[in-house]
Amino acid sequence: MPTITQNRHLEIKRAGFHELFFDLIFVYAIQKIAHVILHAHHGTISFELFFKYVMMSLILWILWAHQTFFTNRFGDAVTKDVIFMMISMFILIFLSNSLYPDFEKTFKPFFFCVGLMYLSIGLQYLLHTSRKLSYADKRTCQSFAIVALTVSVLSFLALLLPSSIHYIPAFLGVFIAGTGLIPFRKYLEQSPVNMMHLVERFSLLTIIIFGELIVGLASIFSITDFSYIYIFQFLILVCMFGTYWIITENYINHKQRSIGFRLVYTHLLINIALGTLNAALVFSDNAELHAYFEINLMYLSILAFFIGIWLNAPYFHEKFSYVKHIIYALVILLISYLVSIIFIANKHVMIISIAIAVAIIMLMYYKNNKHT
């Protein structure tokens, strides 16, 4: 058994249909949070709304990651595992339909559903400890169970407290969900993830999120009043997706030994960036945002997306040189930003400038991959 644990990262493992089914409703929930929470007021999106969006996305993202880590290390398409995942899906549907712009109205149903889902995940890990496992795998199961059940208890506790203090246990639960496994890192390192499967899960999830952006973009396209700017808006998404595809498929070493935490948080950043980019593109069509705020939101979203990709550099094959490409990309984005600021009165210039910038960055990574 120890040999299996040590060589798990070398095994060939693909995502199961039940995992992909779960991803669909998860992405719906994440994007629903963005659509409901990210609203423009007086030409901007308030820091309070953005903070709530990040916190709600964070706790769901980590919940998905904890479920994925179980499937990655121990899960098979057996009846028990599928039932647990379907239960989480069922709860997630109700969570998605309980989101309102008024966060106080959202708070109780949201954290009730979060508490139930973390309880489900905690029990899943706890039940697995009864199986014949290596020492590292057993400790890993216990670690995830402790964190998941603690977050579940704090989520339920938040529902019982008055509104003046119920955020304390709720956000403490978010903090523990994100950092609670750090003390158990030595056990996790002895029980590595299957990197091929983990990268596939995150990449497929990101593809679905890009699909949601296409849906958002389609909502502002008009076949009766066609504009050339639609081509450049679409090009922005195509080139960002192309860059993600090239790097994820070719740059990342899918056979390395890892605990996978970096992949979780880099993709959280990518997801948040895509969510805010979607909001910026939709708002750009109806002039709800001040021009300067809109430019900053667009460029910060795109920059956060690329930072999420660049932070995965430790996972890259050694043959790929990446520092100079980061510098080139930053210079390209800076020039594009300055052009957009200079011609701030014409928002079409911003869209065209961004499209050209991300196209150049994608071609740069494509060319580097071909030459290497």
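In case you wondered, yes, glycine gets a Cβ from its N, Cα and C as well.
Feature annotations, courtesy of TrEMBL:
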- 20-38: transmembrane segment (TRANSMEM)
- 50-70: transmembrane segment (TRANSMEM)
- 82-100: transmembrane segment (TRANSMEM)
- 106-128: transmembrane segment (TRANSMEM)
- 140-161: transmembrane segment (TRANSMEM)
- 167-184: transmembrane segment (TRANSMEM)
- 204-223: transmembrane segment (TRANSMEM)
- 229-247: transmembrane segment (TRANSMEM)
- 259-283: transmembrane segment (TRANSMEM)
- 295-313: transmembrane segment (TRANSMEM)
- 325-343: transmembrane segment (TRANSMEM)
- 349-366: transmembrane segment (TRANSMEM)
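Using a cut-off of 8 Å between Cβ atoms, the transmembrane segment (204-223) and the transmembrane segment (229-247) share at least three residue pairs, counting only pairs 6 or more apart in sequence. When Cβ-Cβ distances below 8 Å are used as the criterion, the transmembrane segment (259-283) is approached by residues 30-31, 33-35, 38, 40, 45, 50, 53-54, 57-58, 61-62, 65, 69, 72, 181, 185, 188-189, 192-193, 195, 198-199, 202, 205-206, 209-210, 212-213, 216-217, 219-220, 233, 236, 244, 289, 294, 297-298, 300-305, 307-309, 311-312, 314-315 of the same chain, each at least six residues removed from its ends. Between the transmembrane segment (140-161) and the transmembrane segment (50-70), the number of CB pairs under 8 angstroms, six or more residues apart, is three or more, so the stretches are in contact. In terms of C-beta pairs under 8 Å, the stretch of 20-38, 106-128, 167-184, 295-313 lying closest in packing to the transmembrane segment (82-100) is 106-128. The listed stretches are 20-38, 167-184, 295-313; of these, 167-184 has the most Cβ pairs under 8 Å to the transmembrane segment (106-128).
Of the Cβ pairs linking the transmembrane segment (229-247) with the transmembrane segment (20-38) and spaced 6 or more residues apart, fewer than 3 are under 8 Å, so the two regions do not touch.
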